[in-house]
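Structure record follows, encoded as C-alpha cells.
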Amino acid sequence: MRLVLLFSCVLAVSSYAEIILAHSDENLLSRTKNNLSKWNENRLYDYGSKSTMSLPVSSLFPALQTLWIGVVADCSYVTHFTSRMEAKKHIFQEFEGVSTLYEDSFNINVQIHSLILPSAHDCSANVVDRPEISMSPRISIEEKLEIFSKWKYESPGNNVFEAISPHERESFPSEPQVSVLFTSSVKRSPHGVSWFATICSETHIENEWHVGPLSVVSAYPNDRLVVAHEIGHILGLIHDCNKKSCGDHSEACCPLSSSLCDAQELYIMNPSNSYTYANLRFSDCSILQLHSLVEKKYVSLSCLSKPSEKSVLRLGTCGNGIVEDGEECDCGEDCENNPCCDGKTCKLTKGSLCDDQQDACCYQCHFKNAGTLCRQSTNPCDKPEFCTGISSKCPVDENWDDGRICQDSLGMGSCASGVCTSASRQCKKLTNFSSLSCHSDSCKVSCQNEDGTCFISAKDYIDGTRCRGGLCYNGVCVPIEGSSASWSKQPSLFCASGTMLISLAVIAWFFW
C-alpha cells in the first residue's frame, strides 16, 4: 500500500496539558499558561514544514535501532505496589509493550537502560536531597517535569543512571537517550508531559527552562500507552486530528487520510487523555511524519544504537532483578553484595534458605524468628504483620474487621475497608459544609445541612461503614447477629432534627 498524506509540523499553541510547561520557581509559576508554553511554541515553529510523501511504510525505517530509556519511579508511584519487585516487574512489562508499539511502526526497539526505584527506607526518610523521588503527588505534573529536568541537568557525570546489568555494562551507552519519571498525581485521569522534539539532545538551559529528552508520566496502570505517546512527542510527533482540531483549526494535526481529517481517537497520538487498549498503534500519518522529520533533518536519530541481543534485558531472563518462574532468586545489579544468591544461575547459594534482598522475613540467608515484625501498621485499621519462622515471606497484608472501634487524629470512628472512618466523616469529606450524617438506616451517603434538611445521594458509603444494626456493603445495610447489645453503647447515628426532609434527588454540586 502506498500512502499520500499532507501534514503540517507547525503546531499552534494548544491548551492540551502536555505542551503547557511549568516551573518550580514561584515567580515563573505565576505567569499565564500562554507565557509558559512559549518555549514549546517556538520549538514547534522551528520544526515547521509541509511534506507530501508517497512511500510504502515498510521502506521508511529499514534498519532496526534501539532507543535506551532511563526510568525513575518516585515514592508516590511505588505506593501502587506491595514490593519493589512487583513495581519493577510492572515497569518491565509496560516497556515491553511500548517496544512492541515502536517496533511495529518505526522499527525502533525500546529498552530500559537503567532504573531508579526507591526503597521503603528511601521514601520513609523523605530525603530532600533526592528530588527525583520525593516529589509530592499534589505538585502539578508540569512542575515535576521542570524539577526532573533540573535534576537530570545537574547530575550528568555523577552516574545517576547506573546500567541495570553491570556485567553487560560495556555494551550499554553511557547515558540513556530518553529519561522517564513515573509518578502519581491527585488527578485521576492518565496524563503525561514532555519536551517536544528533543531526541538526541543533551539536557540544557533554554529560556529559563531545563530542556531535554525527558518526560513525566502519571498513568498507572495504563503506563505503556501514555509513555508511547510522550516518547512520540520527544521524537517530534504532533497529535492526531480530532473533531475539535478539524473543526476550528486550532492546531495542526495528523489527519486520518488525505481525504478524511478526524482520526477518530484510534491511535497513540490521540490528544485525549482517555487512553484505551484500542489505541495500540501509530497512525500512518505519524509514521510518515517521523520519516519526513528525519529525512529533512528537523530531528536526528543519530544517538540511537544498533540492537545487541547480549545487552537487551527482558522479562524471563536471569539477571533482570525479578524473580520469575524457574528462579529461586535474582540479585540483578547487586550480586557482588549478595551472599544468598548466585547471580549467574539465579539459584540460592549453598546453605541459603532465602534471599535478604528479596523477602522481608529473611536475614543472613535464613528465615527470621517467628514474631518478628515485617510490616508495620499504616493506620488504626491496618494490622501489623509478623514473620512465621517457617517462611521468608511476610504474611499477606490484612485489615482489622469492619466495625471495629478505632481512633486517629480526627477522633473516634470505626474500621471500614481498612480505614478509620464514620458516616459523618464521609459527609464532611464529600461536602463543603456538612459534618453530620443522617438517615442511619440508609447506606447511601446522607448528610444534613444547617437547617436540618437531610440529603441522600446515589453514592454509597465505604463498604464496612456502620449503619443501624449492621454494616454497609454495596449500598445495603447488612444486619449483624447479636449486634444490638454492642451497638447500643455507641452514639446514635440518626440525625434528630426538628424537621427532617429526605431529598431523593442527587444533587451533584452538593457532593462534588
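Quick reminder: no glycine exception, Cβ is built from N, Cα and C everywhere.
Between Cys394 and the candidates Cys374, Cys381, Cys387, Cys406, Swiss-Prot records the disulphide pairing with Cys374. Reported as a whole number, the C-alpha separation between His239 (Zn(2+) binding site) and Cys246 (disulfide bond) equals 12 Å.
Each residue contributes its Cα atom, and for Cys254 (disulfide bond) and His233 (Zn(2+) binding site) those atoms are 13 Å apart. The two recorded residues Cys246 (disulfide bond) and His233 (Zn(2+) binding site) have their Cα atoms spaced 20 Å from each other. Mean pLDDT for the domain 'Peptidase M12B' (65-306) in this predicted model: 83. Each of the disulfide-bonded residues Cys246, Cys254, Cys374, Cys394 was ranked by the number of other C-beta atoms within 10 Å, and first place falls to Cys254. Here the CA atom of Cys374 (disulfide bond) lies 39 Å from the CA atom of Glu230 (active site). For the recorded site, Cys394 (disulfide bond), the DSSP three-state label reads coil.
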